[in-house]
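Noted in Swiss-Prot for the protein shown:
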- Thr13, Thr14, Ser15, Thr267, Gly310, Gln314, Gly411: ATP binding site (BINDING)
- Thr13, Arg17, Thr267, Gly310, Gly411, Asn415: ADP binding site (BINDING)
- Thr13, Arg83, Glu84, Tyr135, Asp245: sn-glycerol 3-phosphate binding site (BINDING)
- Arg83, Glu84, Tyr135, Asp245, Gln246: glycerol binding site (BINDING)
Amino acid sequence: MNKKYIMAIDQGTTSTRAMIFNHRGEVVSKSQQEFSQIYPKPGWVEHSPDEIWVSILGVMSGALRSKGISPKEIAAIGITNQRETTVIWDKNTDEPVYNAIVWQCRRTTDICQELKNNGLEDKFKEKTGLVLDPYFSGTKIKWILDNVAGARQKAKNGDLLFGTIDSWLIWKLTGGKVHVTDYTNASRTLLYNIHELDWDEELLDILGIPESILPEVKASSTIYGNTVPYHFFGEEVPISGIAGDQQAATFAQGCYEKGMTKITYGTGGFMLMNTGKEAVTSDNGLLTTIAWGLDDGIYYALEGSIFNAGSAIQWLRDELDLIEDAADSEYFASKVEDTGGVYVVPAFTGLGAPYWDPRARGIIVGLTRGTNKNHLIRATIESLIYQSKDVLMAMVEDSGLDLKDIKVDGGAAANNLLLQFLSDMTGSRVERPINTETTAAGAAYLAGLAIDFWTDQEEVLKIRKVDREFNPDMSGEKREQLYRGWKKAINAALSWSKT
């Protein structure tokens, strides 16, 4: 039977999806399944690795059945995943020793603080490109080994394995034959030296983590192993692509040149700028990460995030009752030509890069008697772009690169007013793709390239279809004037936290 399709598994924070792509890069079938969020204590977040695995089996079956596709028609499988989330399991029994500790979980704050107090922050950043934060996998592994009865001894005996979600899924899909991850996921663990491309012995020693539990690190596009027939409907299918979710989206968006940037607007906003084969160290609190690793080498990226993007629009809907649906925000914002001098700084949970002030709080400034709800809605939309510009300017400053095209995806990318303002404020062309399922597409492309389903990245670029382009339509003088106003508003939010 003709191998006509690539299956992408997109294992996210709240749901698991399987999507089947044809040779034209189109989604021909998909299936989605939510799973439980576990909150044992305030600030703690866990998932059940076994429940995630069951959801994988469910969505793979669902995607095939939905359109009557035979498993024999699947040429390869690609995996993209929520990053940093940590699983440790017994390799002899396949049983997790503890729930997966999710990237959002803050339980290792004290461990990170102790490492900072011991003067180790610069060492970790220099080697891994990351900051000492509970977000990343390293301190989560330490917590499990220190707090689960017998775990540390089992690890010393060589009985335990660690993996981010991609590793756990490949282990299960291959029947326990393959323990592997890719460069993108390894670069999010706080244990991987992104310059030497190896697990860092010194950092492992500091955290008390035996190297024997770690997966082999491979390229993002290569054959890692085959599914065992009893886990893929009687078929052995190569698993040939892996990337963390943000890197997969960046790859799918065709950000293959230095200076190209991807922004995903979800609850927050994730920005990755391709810096080529050079790992750029940030002086602005950005992360240095691996964008992907292919046959022609390792490509690096700067990563920055804003805490409140879609959540700011939800605030208009849920707390202020100014709109009934998030999609209404563009309609009301378009009723006014500008914000009337109003700025909203949605620092509900502090400010991220490049300010890094967890105590900053949200403010609204510039109100007059003529301010109406449309001005407030527009100012909230524009705040997403001002925050994005802050991060993008930090990337430009750190890298010395010119800002090239910006590729946008995520829920808020449907808002034309938002994307036009992004183009105006950055002076860059902004593209929105037809296929906004970019994380899954990235995994599919990486898997397909490894088996020559697609010949090269040029072919991938050709099948990527753009829905709409947005080009700058604002004078430089106006742009600077508006941005100066934003900086004043930011300073007010920062000074509020200090009073």
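Using N, Cα and C of the backbone, Cβ positions are placed for all residues, glycine too.
Counting only the Cα atoms, the space from Gln314 (ATP binding site) to Arg17 (ADP binding site) is about 24 angstrom. Taking a C-beta cut-off of under 8 angstroms and a sequence separation of 6 or more, Glu84 (sn-glycerol 3-phosphate binding site) has the following same-chain neighbours: Trp103, Tyr135, Phe136, Ser137, Lys140, Thr164, Arg188, Thr189. Cβ neighbours of Gln246 (glycerol binding site) (same chain, under 8 Å, six or more residues apart in sequence): Arg83, Lys262, Thr264, Phe270, Leu272, Glu303, Thr439.
Annotation for Ser15 (ATP binding site): spatial neighbours Gln32, Gln33, Glu34, Phe35, Ser55, criterion Cβ-Cβ under 8 Å with sequence separation of six or more. Within 10 Å of its Cβ, the residue among the binding-site residues Thr13, Thr14, Thr267, Gln314, Asn415 with the fewest other Cβ atoms is Thr14. Counting only the Cα atoms, the space from Asn415 (ADP binding site) to Gly310 (ATP binding site) is about 11 angstrom. Maximum C-alpha to C-alpha distance over the listed sn-glycerol 3-phosphate-binding residues Thr13, Arg83, Glu84, Tyr135, Asp245 is 15 Å. When Cα-Cα distances from Asp245 (sn-glycerol 3-phosphate binding site) are compared across the binding-site residues Thr13, Thr14, Thr267, Gly310, Gly411, the shortest belongs to Thr13. Taking the centre of the Cβ atoms of Arg83, Glu84, Tyr135, Asp245, Gln246 as the glycerol site, the nearby residues of that chain (Cβ within 8 Å, site residues left out) are Gln82, Thr85, Trp103, Arg188, Gly244. Maximum intra-site Cα distance, glycerol binding residues Arg83, Glu84, Tyr135, Asp245, Gln246: 15 Å. Arg17 (ADP binding site) has Gly411 as its nearest neighbour among the binding-site residues Thr267, Gly310, Gly411, going by CA to CA distance. Applying an 8 A CB threshold to same-chain residues 6+ apart, the list for Gly310 (ATP binding site) reads Tyr265, Gly266, Thr267, Gly268, Ala326, Gly410, Gly411, Ala412. Summary for the binding-site residues Tyr135, Gly411: the Cβ-based neighbour count within 10 Å is maximal at Tyr135.
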